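Structure, as structure tokens:
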Amino acid sequence: MERNLKNVLVISFGFLLLFTAYGGLQSLQSSLHSEEGLGVASLSVVYAALILSSMFLPPILIKKLGCKWTIAGSMCCYIAFSLGNFYASWYTLIPTSVILGLGGAPLWSAKCTYLTIAGNSYAEKAGKNGKDIINQYFGVFFLIFQSSGIWGNLISSLIFSQASNKAEISEENLACCGAYDCMTDTTNTTSSAEPSNSLIYTLLGIYTVSGVLAVLLIVVFLDQIKPDQAETEKEILETPSFCSTFLATFQHLKDKRQCLLIPLTMYSGFEQGFLSGDYTKTYVTCALGIHYVGYVMICFSSVNSLCSLLFGKISQFTGRKLLFALAAVTNTACIIALLLWKPHPKQLAVFFVFPALWGLSDAIWQTQTNGLYGILFEKHKEAAFANYRLWESFGFVIAFGYSTKLQVYIKLYILLSVLVLSMVRYGVVEYLEAKSSPGTPTATKKENVGPLTEETDT
């Protein structure tokens with residue numbers, strides 16, 4: 001096997017092991033630690049720390065430690081979060097959430113840097129186009145990585161389904177499920193749905209081992225960057241400089257189109273935060289039990305991955321406007337239905353319809369918004385995508401931040417309002433683009449979209 005491809009596979013399977021654990025834990029936070037909103041508070045802290053990490057840490061750590069050891073060290077931050085869940089409290093989970101958030105940005109930056117260097121190195125030896133090889137490497141990475149959402153949630157559901165206390169949930173408790181939840185700590189952790197400590201520790205043990213294996217895989221099998229590649233790494237890290245990038249992120253807000261796109265970018269964080277923080281807790285765990293959360297999120301992840309691939313290919317025929325309209329209509333229909341629906345165990349199929357439709361919409365938001373940024377701000381991509389990560393992370397922080405303070409129906413109205421505002425302002429952007437350059441094609445290209453999309457998932 002060619003050496004650079006071997007390194008790509010090592011990184012890919014390392015991330016698969018790591019995010020099998022983190023993805024499963026993220027889906028369960030609001031249900032496992034509902035007391036005083038500890039679970040969703042920890043997720044809010046993760047994304048707040050990620051914002052700070054994105055601004056300061058990646059260039060410094062990669063330059064000092066190199067890509068291999070930055071990846072290994074950042075993975076240890078994720079293991080710390082798994083360990084914090086063993087004895088979850090405000091004094092253990094919040095500090096480990098900060099550690100995870102700080103490690104998130106260096107992890108993804110080091111991964112992107114390593115794959116870029118590996119791609120250019122092989123292209124130079126083989127006499128091929130560097131951009132083509134890099135895209136192939138990223139394709140291999142995301143093909144393997146994106147399945148982590150399936151495995152992590154499958155593990156949690158299989159373990160929690162072994163619970164011996166899965167009694168029927170009473171109609172009185174079911175009345176507290178859905179949009180008009182009762183806002184109590186026990187709403188979603190009734191005795192019939194709460195797994196035993198032994199099952200929780202078993203799950204956390206598997207997740208922790210998975211994270212440790214990821215670190216060992218990187219440390220043992222990932223090659224250091226060769227000396228003749230040092231200049232390539234230096235160029236990636238120093239062009240442009242950290243200070244200029246930091247300033248450019250905020251200077252980019254002078255562009256009217258960037259300001260108009262802020263609600264749309266934040267909505268991506270809002271809608272993902274609602275599904276993983278509120279839908280899993282107030283609908284699924286409350287009415288079915290926590291052992292169904294994994295199955296529901298597998299449905300979301302599977303549809304999301306397939307639709308990301310599908311829409312990336314058909315966008316060249318449909319154009320981005322039609323796809324954005326499809327996502328908006330689908331999300332609006334889901335929000336209205338969630339406002340009206342009273343979840344009940346007898347309606348099992350319905351619990352999977354919503355994440356499937358949500359996955360379809362999210363696939364469009366992720367691929368097309370990234371593509372839109374790449375097309376509109378082609379000359380200022382770095383500053384533009386820094387703003388993308390910044391505002392989407394703010395969306396996550398806000399969504400998780402108010403999760404325990406408001407009833408679900410209020411959050412759904414907020415979600416709908418942000419969606420309407422996003423579409424209106426997006427329409428203005430399209431109008432300005434059509435007015436300034438009538439001949440510019442609107443079809444969305446999906447070049448280099450994948451890594452930028454996943455980077456926001458810590």
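A Cβ is built for glycine as well, from the same backbone N, Cα and C atoms used for every other residue.
What TrEMBL says about this protein:
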type	residues	note
REGION	437-458	region 'Disordered'
TRANSMEM	39-57	transmembrane segment
TRANSMEM	69-88	transmembrane segment
TRANSMEM	94-117	transmembrane segment
TRANSMEM	137-160	transmembrane segment
TRANSMEM	199-222	transmembrane segment
TRANSMEM	289-311	transmembrane segment
TRANSMEM	323-341	transmembrane segment
TRANSMEM	347-365	transmembrane segment
TRANSMEM	408-428	transmembrane segment
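Remote same-chain partners of the transmembrane segment (94-117), defined as residues 6 or more beyond its termini with a Cβ less than 8 Å from a stretch Cβ, comprise 7-8, 11, 15, 22, 41-43, 45-50, 52-54, 57-59, 61-62, 67-68, 70-71, 73-78, 80-81, 83-84, 134, 137-138, 141, 225, 229, 232-233, 236-237, 451, 454-455, 458.
Note: the stretches the transmembrane segment (408-428) and the transmembrane segment (323-341) are in contact (3+ CB pairs below 8 A, sequence gap of 6 or more). Remote same-chain partners of the transmembrane segment (199-222), defined as residues 6 or more beyond its termini with a Cβ less than 8 Å from a stretch Cβ, comprise 6-7, 10-11, 13-18, 20-22, 24-25, 32, 68, 71-72, 75-76, 78-79, 82-83, 85-86, 152, 155-156, 159-160, 162-163. Within the same chain, residues 11, 14, 18, 21-22, 25, 32-33, 38, 46, 61-62, 95-97, 99-100, 102-104, 106-107, 109-111, 114, 201, 204, 207-208, 211-212, 214-215, 218-219, 222 sit at least 6 positions outside the transmembrane segment (69-88) and bring their C-beta atoms closer than 8 Å to a C-beta of that stretch. Contacts between the transmembrane segment (347-365) and the transmembrane segment (137-160): absent, as fewer than 3 C-beta pairs lie under 8 angstroms at sequence separation of six or more. Away from its own ends, the transmembrane segment (323-341) comes close to residues 178-179, 271, 279, 283, 311, 315, 350, 354, 357-358, 360-361, 364-365, 368, 408-409, 412-413, 415-416, 419, 423, 426, 444 of its chain (Cβ-Cβ under 8 Å, at least six residues beyond either end).
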